Amino acid sequence: MIEVADLTKTYRMGDVLVHALNGVSVTIAEGEFIGITGASGSGKSTLLHMIGLLDLPTSGSVTISGEDVTSLSEYERTLFRLEWLGYVFQEYALMHDLTAFENVALPMMARGVPEDEIRDRVLHMLDQVGLRARADHLPKELSGGEQQRVAIARGLVNDPGILIADEPCANLDSENSKAVLDLFAEINRERGQTVLMVSHEEWHMPYFDRVIRLKDGKIVER
Amino acid sequence: MLSGARVSIFLASRAILRGGKVGTFLNILIIAMVFTNMILLSAIIGGAVNLFHDQTIDYVTSDIVIRPERDERTLFHVDELLDRVNRVPGVARASARYSTGATLSHKGSMVSIPITAFNPRDEVEVTKIHEHIIEGDFLSPADDGILLGQFVAGFEDSGMDFFESLGGVRVGDSVEVMFANGVGKTYRVKGIFSTKSYQADYMAFISWEEMDAVLGARNTDATEVLIRAQSGEDLDLVKLRLLRFGVQERVETWEEAMTQVIADSMETFSIIDRISLAVSLIIAIVVIGIVFTIKTINQRRQIGIQKAIGISNRIIIGSYVAQVLFIWLFGSLSGMVVVNLLLFYFTANPLEFPDGDVVPVFEMATMLENAAWLAAASALAGFLPAWRITRENTLDAMRG
């Protein structure tokens with residue numbers, strides 16, 4: 001369960017204060033596939049970053065499974081991200097120097113999982129995203145869709161409680177976008193994993209159990 | 001902790017294997033050159049120090065020297081002293097020297113230096129001056145000639161002289177000598193020697209019997225007794241034995257007897273060596289630091305991604321430190337190869353200095369010590385830029 005309470009985030013851009021989030025409160029149940037949407041600058045990515053522990057709010061709190069994650073130290077947040085959260089970013093965000101296999105393996109290695117276990121799990125994940133045959137390829141040797149699928153495999157390899165996806169289809173064509181959304185839906189359905197995905201594409205909406213719509217840093221629909 | 005180190009090494013190995021090869025090669029080259037620079041100056045200084053030591057032993061003090069106690073001017077009953085010293089186990093030979101002030105002149109050029117008398121048969125066993133005769137011959141027993149160091153004999157072109165000289169006397173020339181006791185004599189120059197030791201080459205020698213003639217009586221005093229120890233003997237032990245055999249005077253090993261000027265020079269060399277080491281390390285830190293600052297700035301986004309997916313700062317910093325240590329390892333090994341090639345070259349072609357030929361001394365302990373310093377400097381230079389970037393906000397870093 002994720003509980004966001006009265007969350008605000010204010011940036012300073014030069015002399016101007018920008019209120020990216022303006023008192024957002026929302027509760028997300030375990031196993032929900034949530035779409036976060038809104039116009040550009042509405043605060044959807046900011047909200048996702050707060051829930052994903054990538055940034056700290058100006059005020060308010062984010063509680064995940066009873067733990068107030070906004071009060072954690074930098075190191076504790078890193079560990080929390082590793083253990084609890086999986087990420088898929090718009091720009092794929094893969095490590096250039098690592099093959100598909102190694103990119104997926106990295107979060108498991110950081111957790112100190114034995115090598116045999118890593119190998120089996122990573123190959124299984126790559127199999128799930130249809131990239132087992134491309135395991136030894138570097139990101140530059142993969143298409144955009146393939147890179148995003150590697151990123152999804154990496155995001156899921158530690159079996160996180162929550163998958164955070166920040167516009168994962170923004171750089172993909174509709175065919176690859178559909179493949180990614182189908183994969184998310186399958187993961188959510190079969191594993192009961194909570195999925196939070198930012199999107200502004202209307203045709204994505206049917207995939208979500210619920211849509212949180214933001215406008216000017218406030219929730220206008222939930 | 002160990003799994004974190006494993007991930008750091010894994011990330012570093014992939015960055016090196018799949019990163020820019022030219023950049024890595026240039027970094028290794030920088031370390032190799034810095035390492036060579038650190039070792040080379042130290043090795044030349046070590047060679048110069050060795051040269052000083054060898055010259056002191058071979059021309060000035062031999063292995064051990066006996067000198068009068070500080071309140072005395074001479075050693076008395078030198079024949080008895082020589083007999084006693086020559087019986088001490090570990091002593092190969094002893095040679096007495098007697099020095100007295102004199103003024104030497106030749107065709108208007110004048111030099112005031114001590115003139116030293118010795119027994120040539122003993123002297124050739126304790127010093128190596130006889131091996132460096134560049135003109136004429138060494139003294140023979142009861143010789144009535146004079147042996148001059150090259151700086152005393154001097155050059156016809158006074159611009160080539162280091163000190164006041166006789167203006168270029170040659171073997172066979174006559175030199176007038178006025179001794180401190182008022183006796184004046186004219187000597188034929190028997191030989192001129194050049195050891196390249198400033199101390200030795202500014203000396204003049206006559207035979208013991210000739211000194212007897214100057215003093216007007218058989219001389220039984222000496223200003224010093226030089227002792228050559230048998231090969232492989234521990235000089236401190238030989239000194240101890242001399243004392244046990246009843247030698248009452250001031251017994252000093254060559255190191256103890258080295259003049260304060262030379263001891264100060266050694267200290268100065270040591271300071272120069274340490275400054276050079278510090279400068280080399282600073283250069284290494286700055287150069288590697290710049291290279292890794294650029295590298296981490298270029299990889300800022302990748303660092304941000306690593307942080308975002310839960311890789312700890314410790315692992316990320318560790319990966320950069322591991323990369324720089326890899327560069328250090330291969331750089332230092334390459335540097336050792338270069339240094340050893342230089343060793344072969346300089347052993348065959350010593351560096352020529354005015355005071356002798358210097359063969360740089362490359363010691364494994366020094367190389368390992370310098371390599372350790374360089375490792376610390378490299379690690380620091382790799383650590384700081386990575387530490388700085390990992391302290392940034394994750395999202396800012398991800399935006400590149």
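These residue numbers are counts, starting from 1, taken along the chain as shown.
Cβ coordinates come from backbone N, Cα and C, glycine included.
The annotation domain 'MacB-like periplasmic core' is assigned in TrEMBL to B:24-239. The domain 'ABC3 transporter permease C-terminal' feature in TrEMBL is assigned to B:276-393. Positions annotated as transmembrane segment by TrEMBL: B:24-52, B:275-294, B:315-346, B:371-390.
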Spatial neighbours of the transmembrane segment (B:371-390) far in sequence, C-beta under 8 Å, 6+ residues away: 31, 34-35, 38, 277, 281, 284-289, 292-293, 295-297, 300, 303, 307, 313, 316-317, 319-321, 323-325, 327-328, 331-332, 335-336, 397
PLDDT averaged over every residue in the domain 'MacB-like periplasmic core' (B:24-239): 92
Tally of residues which DSSP labels helix, strand or coil - the domain 'ABC3 transporter permease C-terminal' (B:276-393): 95 helix, 6 strand, 17 coil
